[in-house]
Amino acid sequence: MACTLADSLLLFKGSYQKPVLRRDIAARYSPGIFSLNSNGLIQKRFRRQRNFVTRNKVTVIHAVAIPVQPAPVESAEYRKQLAEDYGFRQVGEPLPDDVTLKDVINSLPKEVFEIDDVKAWKSVLISVTSYALGLFMISKAPWYLLPLAWVWTGTAITGFFVIGHDCAHRSFSSNKLVEDIVGTLAFMPLIYPYEPWRFKHDRHHAKTNMLREDTAWHPVWKDEFESTPLLRKAIIYGYGPFRCWMSIAHWLMWHFDLKKFRPSEVPRVKISLACVFAFIAIGWPLIIYKTGIMGWIKFWLMPWLGYHFWMSTFTMVHHTAPHIPFKYSEEWNAAQAQLNGTVHCDYPKWIEILCHDINVHIPHHISPRIPSYNLRAAHKSLQENWGQYLNEASWNWRLMKTIMTVCHVYDKEQNYVAFDELAPEDSRPITFLKETMPDYA
């Protein structure tokens, strides 16, 4: 167990006076007992240990080095316990402060940044074919098999989003005009304006897990949670049972208000909005004309809700866990946020194929210029060079249950405080999830 003279305590002598208990010293140097509270968050208790100094003038006798216990997250045994409790395969070690994002990028092989037009258009073919197959299944399936057809079609159209996602990051083609056209067309069936999303998503990558600045999701603010009873209930339902569709609220709030964009961005935003409204004005009436209102629900709305399920699920799993902190800008570290603060999660193979490996997310945050078809090679390189720092999981119920019942309100010390700790009388939806969601890992 390591110790240094800098971490030593000095013992003094002097005239007797009633000793004063130095709780700060005791808290720092006494052996810690770490455990999880009822919501799965870290708690620390201390064994009773008294350290006394007197108030009068003193003379130094000698210095005694007191062994310092390692921080709990630095303990392999403790990280293993966290991984089991949270549904992770591995909880990564803290990344040293002197590691920069450039260090991590430079460790990647150059090939993972190369654009391959054949592979790019192959991903388009996979998405178009799988989506067409989904529409065919919807048209032929009896009512009791429609949910399966909707699941397939919603997952397939998520692939359209990933293609547009690559275009926005300039990792689909070497021709920017081609990327803008393909990205806009890929987003149109989702009613997602391409340019507004691109501008906001670039800021998410630049400010990942930074409080206030990250334009993706972040913890709920306590003052917001406590503002009004109506808003509190809406937040509890949104971040609780409806969390897998919260991307719909994000879509509405962030992408249609011109005031949220810089003046230089507004012209391109208007073009994207025009494309989306054109699809609504032409596409929806055609669907209704051919199939009726129920056809619009069957062929467009239900797959669209399936897409938002994946949009929400991927986003929250990628960046949300009780041990992954959101930080203010002055404390934020790019390498730690992108490598340590992003989660790799494996899903059933058919989902990964239809969604073009968007779940292989850590290398995408190390450099968004890596095309989706090179993410696995990049992740393998990260495992070889930085493996001990990675957070990795396979999708499971315990992982989802932890996110949906624990990761709620921002807290500087614990990262998150659950809704039912702050407002138990209003948190029946959270209690319901705790009681009904499976706990399989």
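The backbone N, Cα and C atoms fix where each Cβ goes, and this holds for glycine too.
Record features (TrEMBL):
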- 142-389: domain 'Fatty acid desaturase' (DOMAIN)
- 144-165: transmembrane segment (TRANSMEM)
- 234-256: transmembrane segment (TRANSMEM)
- 268-287: transmembrane segment (TRANSMEM)
- 293-310: transmembrane segment (TRANSMEM)
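Below 8 angstroms of C-beta separation, residues 184, 187-189, 191-196, 199, 256, 258, 261, 295-296, 299-300 of the same chain, each at least six residues beyond the ends of the transmembrane segment (268-287), sit close to that stretch.
If you look at the transmembrane segment (234-256), the same-chain residues 6 or more away from its ends with a CB under 8 A from one of its CBs are 192-193, 196-197, 200, 215-217, 220, 224-225, 273, 305, 308-309, 311-313, 315-316, 403-405, 408, 419, 423, 426-427, 429-430, 432-433. Same-chain residues lying 6+ beyond the ends of the transmembrane segment (144-165) with a Cβ under 8 Å from its Cβ atoms: 123-124, 126-127, 130-131, 133-135, 137-138, 172, 182-184, 186-187, 189-190, 192, 194, 197, 201, 298, 302-307, 309-311, 350-351, 354-356, 358, 372. On the 0 to 100 pLDDT scale, the model's mean across the domain 'Fatty acid desaturase' (142-389) is 96.
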